[in-house]
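Below you'll find the structure, written out as structure tokens, and then a few comments.
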Amino acid sequence: MSSPSKRREMDLMKLMMSDYKVEMINDGMQEFYVDFHGPKESPYQGGVWRIRVELPDAYPYKSPSIGFINKIYHPNVDEMSGSVCLDVINQTWSPMFDLVNVFEVFLPQLLLYPNPSDPLNGEAAALMMRDRTAYEQRVKEFCEKYAKPEDVGAVPEEKSSDEELSEDDYASSDEAVAGQADL
């Protein structure tokens, strides 16, 4: 077994042994869903999001692809695709980081400290800068509508084999979408 495979296996097991619900997408260890709870004392508290994680062959030397499956209202998350704009995942990833860091540090920090000056959701960024109270209310509305704990397991539906996207449909950049949101 090569070193990246051992590391991938070890990081995945560490994540599974933590408090996160992990659901494998296929037989390999490269694609899976993780149920992520919004940080306490934030407008996202009480929301649960299903995050699609895709580990590249070169993991941990190359960052995982992370995407929200159910909708979230946030300046740094694309509302339609669920793609995440997060420097530590997209540009400054290091093999010192692991999957638990993503869910215990990076994503909570993203939700607690949005960066409206580098938005993927321009409308959320503009509202946040113009009227923080209205922005937080919209976040809570999205949580109630799209991130109820009882609904999170039923959100993703895998495409049937005749609807599969070709390899070319998945961009290989660090900002590639980890999964498409069902509309």
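Residue numbering: from 1, along the chain as shown.
Every residue, even glycine, has its Cβ placed from backbone N, Cα and C.
Taken from TrEMBL as is:
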type	residues	note
ACT_SITE	C85	active site, glycyl thioester intermediate
COMPBIAS	150-159	compositional bias 'Basic and acidic residues'
COMPBIAS	160-172	compositional bias 'Acidic residues'
DOMAIN	1-148	domain 'UBC core'
REGION	150-183	region 'Disordered'
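For the domain 'UBC core' (1-148), the DSSP-based tally of helix, strand and coil residues reads 57 helix, 24 strand, 67 coil. Each residue in the domain 'UBC core' (1-148) has a pLDDT score, and their mean in this model is 92. The Cβ neighbour count for C85 (active site, glycyl thioester intermediate), using a 10 Å radius and every protein chain shown, is 19.
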